[in-house]
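First up is the structure itself, then whatever we jot down about it.
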């Protein structure tokens, strides 16, 4: 989302650990030079994470996944992505995620969450693998806030009907809830990343055999490509875009004295505002960081859904809103299906999204884009794919199906919901209107032609449209270092 140019030393960006006891003051070495504050996880833990075999964080691919991100036209790329095969040392488990940063330090926040969330989740899974007493010792249900209490009650309701869920789901849900809680605390205590008006979204997918668990914070999105009874490829949205105008989200924000409204020049974009100040105008209801709004209804509690995979399910697309702002779910699914190979599928989606930005928002600079494609079908190829980072192949199993979600706003996904926690997937039939030059199923334009258009070619589109910024302004009581007029370049 927004862009940032920080004076922080580049080595700071590589630090990815908890800092609850790290000193926040600058220490002096005997030589008289200033020394940076120590970070608890800046040493062995981070080196261990970076050396994990099967972990991809940059543009590349493996036998079961591909990743691609492209910087927008406003500076530093604030999107981050992750594929971690053999997660928790399980050959049947894969963790995928995309993270969309915003604000002055958004690029640092998104990378921090990308690096530390899997590490913390792995630790929590080992801790909560026992009985309910172990989760009690972890503090998940001790002295909860009103937000945690709502989520915990929802979890307890799920436990009353365990027949709907496999054995792995509830421990994983507990671990993911606790992980996000700890992740936000770690960001608040970080000595070098100022998260007061900076944050990130997060969409994580954990695939374990036939089971799929999706955790969502913010407005990034996960979409499943599957086949219907006629063997036609359809898109099923696995997450809800957690915007401030959702009824339950808006109600919570108002209870906490925050405000939700849209500006006159962008009436379709609801934003979160401080009670007595027209700032910061955050365009999402949940996020890591953004502590200026945490007392006014913004939360970092993930919306967690469960899905049972079937043999008809083909692949999952995770992407930031730089993609979904200009492409529909069905269009993204069709682009991946039309890609020359699995290795280029994620790049094909990003390239098409960049072209669509030029068409849909000709007066604005395109947003950062990040895409992760996780393929669910088995591959018969024997060798591994050459990539920029070494990865292991984890065998994927074909599966059978039921879709279950605990979200309160499932109607916003246009799903037919029942009184239980079971929902019917959304089969996207209607496609958003897109320019004919970039329509995937156009009679005259192929995918290859669409993504090969020259940059200097003239574009025709609606005039007067502007891109949506995640964050509009910095509160007046923000730290003096960032209150200069130059902050606008970060939005």
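Note: Cβ is positioned from N, Cα and C throughout, glycine not excepted.
The annotation Mn(2+) 2 binding site is assigned in Swiss-Prot to 100, 321, 367 on the grounds of similarity to another entry. Annotation comment: Swiss-Prot describes 100, 101 as Mn(2+) 1 binding site, evidence class similarity to another entry. For 1-16, the entry in Swiss-Prot reads compositional bias 'Basic and acidic residues'. Look at Swiss-Prot and you will find 17-28 tagged as compositional bias 'Low complexity'. Marked as domain 'PPM-type phosphatase' by Swiss-Prot on the basis of sequence analysis: 64-376. Marked as region 'Disordered' by Swiss-Prot: 1-39, 391-422.
Here the Cα atom of residue 321 (Mn(2+) 2 binding site) is found 11 Å from that of residue 101 (Mn(2+) 1 binding site).
Taking only the Cα positions, the spacing between residue 367 (Mn(2+) 2 binding site) and residue 101 (Mn(2+) 1 binding site) is 11 angstrom. Taking the binding-site residues 100, 321, 367 in turn, the residue surrounded by the fewest other Cβ atoms inside 10 Å of its Cβ turns out to be 321. Summarising model confidence by region, the domain 'PPM-type phosphatase' (64-376) averages a pLDDT of 89. For the recorded site, residue 100 (Mn(2+) 2 binding site), the DSSP three-state label reads strand.
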